[in-house]
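Asker: What TrEMBL shows for this protein is this:
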TRANSMEM  A:37-58  transmembrane segment
TRANSMEM  A:65-83  transmembrane segment
TRANSMEM  A:103-122  transmembrane segment
TRANSMEM  A:129-152  transmembrane segment
TRANSMEM  A:172-191  transmembrane segment
TRANSMEM  A:222-243  transmembrane segment
TRANSMEM  A:263-287  transmembrane segment
TRANSMEM  A:299-323  transmembrane segment
Amino acid sequence: MVRLSKENGLNCVLALALLAAPFVATALDEPFYITLATRVAILAIAGVGLNLALGLGGLVSFGHAAFFGLGGYAAGILASHALNYEPILSSPFELNGTTQMLVIWFVALLVSGLAALLIGFFSLRTSGVYFIMITLAFAQMIYYFAISWPAYGGEDGLSIYVRNVLPGVNTMDPISFFMIAFVLLMLVILFSSMIKNSRFGAALQAARQNDERLATVGIHPFGIRLTTFVISAMITALSGALFADLNRFVSPDMLAWHMSGEIMVFVILGGVGRLFGPVVGAALFILIESVFGGISEYWMFYLGLVLLGVVLYARGGVIGFLAGKEKHD
Amino acid sequence: MTDQATQPVLEISELYKSFGALKATDGVNLTLYPGEIHALIGPNGAGKSTLIRQISGEYPPDSGTIRFLGQDLAGLGVADRAQLGLGRTFQVSSLALEFSALRNVMLAVQAKSGSSFRFFKPVMKDRDLVDGAMKMLEKVGLQDRAHIPAAELSHGERRQLEIALALALKPKAFLLDEPMAGMGPEGSKTLTGFLGGLRDQAPILLVEHDMDAVFALADRISVLVYGRVVATGTVDEIRGNRIVREAYLGEETS
Ligand SMILES: Nc1ncnc2c1ncn2[C@@H]1O[C@H](COP(=O)(O)OP(=O)(O)OP(=O)(O)O)[C@@H](O)[C@H]1O
Ligand SMILES: [Mg+2]
């Protein structure tokens with residue numbers, strides 16, 4: 001039985017509003033807003049990924065740009081090889097690029113998952129500020145690697161000339177591409193909600209509240225956290241792959257520390273640990289960016305003010321403000 | 001109660017642990033036999049909790065061994081030792097405060113009943129978890145408070161919840177660090193009766209300041225002073241021990 005709590009109701013409204021946005025934009029003949037709505041949906045996915053680690057697990061990763069960027073580069077590299085008819089590898093076996101989104105997503109998940117396994121293995125031995133710094137350091141390593149590696153554009157980035165393909169969908173059609181992002185967003189939110197209510201989620205939330213208690217009942221907090229970190233990274237990488245396709249461009253900016261900060265802002269603004277928090281957070285961020293960004297170069301300053309307000313006066317973010325404090329069973 | 005022919009469940013030999021110059025555990029030898037309640041008493045700062053922490057795996061000892069069910073525990077972490085069957089409660093309650101009492105206990109039932117790496121089935125629809133946890137809450141008399149967040153429980157209720165969590169693990173030995181602390185006279189009496197029945201389930205190493213409870217429950221008592229066990233014996237032996245009366249019991253008992 002679905003309990004239609006205030007928060008569930010709000011979530012439905014938010015989902016419908018986001019879904020309606022590109023159609024309203026079309027009706028108003030403002031195609032630019034379709035792109036904005038698509039950006040929101042895609043970036044929200046990155047936030048949903050981080051929210052799993054940050055919100056449920058209390059793992060304040062300041063390095064999620066690494067996974068976002070890896071997803072982006074997976075798309076960019078595979079597509080550029082396919083479009084240039086250059087194999088990625090020719091010996092010992094031939095490995096070709098691809099423009100199939102499904103394959104690209106799979107590679108993005110795989111690569112980011114492995115990277116998160118490695119990064120998490122080392123950084124999850126620390127906590128608090130040390131964890132924040134170590135995840136940042138790992139992400140910066142990958143960032144500098146991308147900048148200094150000329151094969152894929154280095155600092156200049158890498159263009160994808162046509163959007164990658166998905167069977168049965170015209171990905172160059174803005175609304176169709178929006179729908180891909182929207183459906184994936186709903187799926188990752190559904191997945192997060194299942195995790196939250198599952199045995200795994202119970203252990204994860206207990207690890208955040210009191211890891212001594214979790215260990216005392218016989219569950220290793222480390223394994224739970226590492227698994228979470230990997231899943232969280234994979235979701236964020238999926239977002240990165242879509243983001244690359246949206247812009248048809250990948251650059252080291254996707255890997256930079258301010259991208260990590262941006263993803264974290266989505267989560268905090270919307271409400272840490274709330275299912276639809278990243279959706280609201282990403283939407284607000286992009287609204288502020290596009291409204292104030294046009295008026296003032298200092299839009300980040302206004303964003304900072306909003307963020308300060310949220311942290312000081314609305315600890316549950318916008319969702320917490322609208323739907324009240326979260327209730328556990 | 002203590003049949004010396006049987007193997008001890010828990011056997012601590014020559015255990016040492018210092019914090020800087022402070023010898024918190026100074027050559028401790030201690031055993032816990034099946035079916036017994038072994039009380040560990042001693043003044044504040046004697047090193048009782050430090051000893052419990054070394055058994056549970058929270059602190060590594062400097063030297064010495066701890067064997068549990070014949071196995072050397074060296075190198076095993078807190079979670080490993082819990083899985084082996086050490087059920088521990090804390091002197092200061094340690095709970096998942098946002099979770100309800102029920103969900104706290106469900107965590108222990110979950111740990112005991114298979115993998116935590118299940119991602120889809122909602123725990124609240126898992127009858128085995130919910131019913132199993134409810135049964136434990138009933139045992140400690142908290143069933144009416146099942147859905148209250150641990151943070152909103154009274155001090156005494158949190159102590160009871162800690163016991164329910166330890167019970168849910170179906171441990172092979174209990175390590176209870178001052179379970180009566182702050183329970184009030186009524187609560188202490190009820191808990192004393194309850195713990196008395198628990199020894200048949202698993203032996204208990206009981207750290208406790210409440211002497212009425214200790215004398216009522218213990219099969220053996222060890223007295224810890226400045227990290228050393230100064231005496232071990234039955235209730236009558238400890239009551240009659242001159243060193244113990246001077247070092248710890250003072251004038252209270254005559
Ligand atoms: N992590 C630590 N670092 C430094 N000193 C510690 C640490 N833990 C305990 N101690 C010291 O070790 C000594 C023993 O402490 P412990 O908590 O084991 O005493 P206790 O017998 O449990 O006392 P109480 O009856 O007050 O609970 C105390 O002097 C305490 O200050
Ligand atoms: Mg103590």
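Backbone N, Cα and C atoms are what each Cβ position is placed from, and that goes for glycine too.
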Asker: Which range wins on Cβ pairs under 8 Å with the transmembrane segment (A:222-243): A:65-83, A:129-152, A:263-287?
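Answerer: Most Cβ pairs under 8 Å with the transmembrane segment (A:222-243) come from A:65-83.
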Asker: So which of A:37-58, A:103-122, A:129-152, A:172-191, A:299-323 has the most C-beta pairs under 8 Å when paired with the transmembrane segment (A:263-287)?
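Answerer: Highest pair count goes to A:37-58.
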Asker: So what's near the transmembrane segment (A:103-122) in sequence-distant terms, Cβ-Cβ under 8 Å and 6+ beyond its ends?
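Answerer: Same-chain contacts beyond the ends: 63, 66-67, 70-71, 74-75, 78-79, 134-135, 138, 142, 164, 225-226, 229-230, 232-234, 236-238, 240-241.
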Asker: Give me the stretch from A:37-58, A:129-152, A:299-323 with the greatest number of Cβ pairs under 8 Å to the transmembrane segment (A:172-191).
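Answerer: So the stretch in question is A:37-58.
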Asker: Which bits of the chain, at least 6 residues beyond where the transmembrane segment (A:299-323) starts or stops, bring a Cβ under 8 A of a Cβ in it?
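Answerer: Residues 5-7, 10, 265, 267-272, 274, 276-277, 280-281, 284-285, 288-289, 292-293 contact the transmembrane segment (A:299-323) from elsewhere in the chain.
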